[in-house]
Amino acid sequence: MTGRFISFEGIDGAGKSTHIQAVADWFRARGDDVQLSREPGGTPLAESLRSLVLNEPMGSLTELLLMFAGRRDHVETVIRPALAAGRTLLCDRFTDASFAYQGGGRGLPLPVLETLADWVQEDTEPELTLWFDLPSAQAAARRAGAREADRIEQQDLDFFDRVRGAYAARAAQAPQRIVRIDASGSVDEVGAQVLAVLRQRYSS
Ligand SMILES: Nc1ncnc2c1ncn2[C@@H]1O[C@H](COP(=O)(O)OP(=O)(O)O)[C@@H](O)[C@H]1O
Ligand SMILES: Cc1cn([C@H]2C[C@H](O)[C@@H](COP(=O)(O)OP(=O)(O)O)O2)c(=O)[nH]c1=O
């Protein structure tokens, strides 16, 4: 039995967390056994690494390695068992975020990222990635009204422009898997786009 692995991506404040619950409800209504997870995090070890990486000063390569260390534990102990049990696993961020933030934002070399991704994920890959795309200034305005900025969210608009550009490049390389959602409209407008993608992919 093989489940479904779906990831949610976008710059901070784009609206991923707002829409993930509605996606869970949609799959539950179809009878799926839905499990939610997130990165960085998703296991006790990876949640410990998350709190370090979001709060402690560190270099870019250290940040990258901690993201992938947590991901390895998450893939082995949560994602693969969930898929083997036939569940629908919805994950708030996965490897595309490393390409976007550590590759695009921090400027780390893509071949290093490719090698780490191959090692850490092996054949575990989302079948669908919903990419919530939004101009950096609009995302910053949404974040400012919502929460205290963590270490990564404190980066400037240029950083988030690079992150956004790297997501666009990933989407161009994997157009079947990564679907762009225009996240600039109202919550209802964005939600309607998300449901349209789900219906198109999964309604028989
Ligand atoms: N379409 C939208 N229009 C206006 N505000 C939004 C929209 N979507 C989300 N928000 C608000 O923006 C903030 C960031 O949304 P969130 O879902 O936490 O983003 P992310 O998980 O992508 O960082 C929250 O306060 C949320 O209520
Ligand atoms: C998974 C991942 C996340 N990140 C960053 C993106 C976010 O700024 C941060 C935390 O992600 P997230 O959980 O989406 O933040 P929040 O709970 O505040 O919405 O980690 C990376 O830089 N690389 C990665 O590989």
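The backbone N, Cα and C atoms fix where each Cβ goes, and this holds for glycine too.
Annotations in TrEMBL come from automatic prediction, not curation.
As recorded in TrEMBL, the features of this protein are as follows:
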type	residues	note
BINDING	G10, I11, D12, G13, A14, G15, K16, S17	ATP binding site
DOMAIN	8-193	domain 'Thymidylate kinase-like'
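The ATP site is set by G10, I11, D12, G13, A14, G15, K16, S17; from the centre of their CB atoms, other residues of the chain with a CB within 8 Å are F132, L134, A139, R142, A183. The number of other Cβ atoms within 10 Å of the Cβ belonging to D12 (ATP binding site), over all protein chains shown, comes to 21. G10, A14 are the binding-site residues among G10, I11, A14 whose C-beta comes within less than 6 Å of an atom of ligand 1, given in sequence order. Shown in sequence order, F132, D133, L134, A139, R142, A183 are the residues of the chain, 6+ apart in sequence, with a C-beta less than 8 angstroms from the C-beta of A14 (ATP binding site). Take the CB of G15 (ATP binding site) and look out to 10 A: across all protein chains shown you find 21 other CB atoms. For I11 (ATP binding site), the number of other Cβ atoms no farther than 10 Å from its own Cβ, over all displayed protein chains, is 28. In the predicted structure, the domain 'Thymidylate kinase-like' (8-193) carries a mean pLDDT of 97. When secondary structure is read from DSSP and collapsed to three states, D12 (ATP binding site) falls in the coil class. D12 are the binding-site residues among G10, D12, G13, A14 whose C-beta comes within less than 6 Å of an atom of ligand 2, given in sequence order. In this structure, S17 (ATP binding site) is part of a helix by DSSP.
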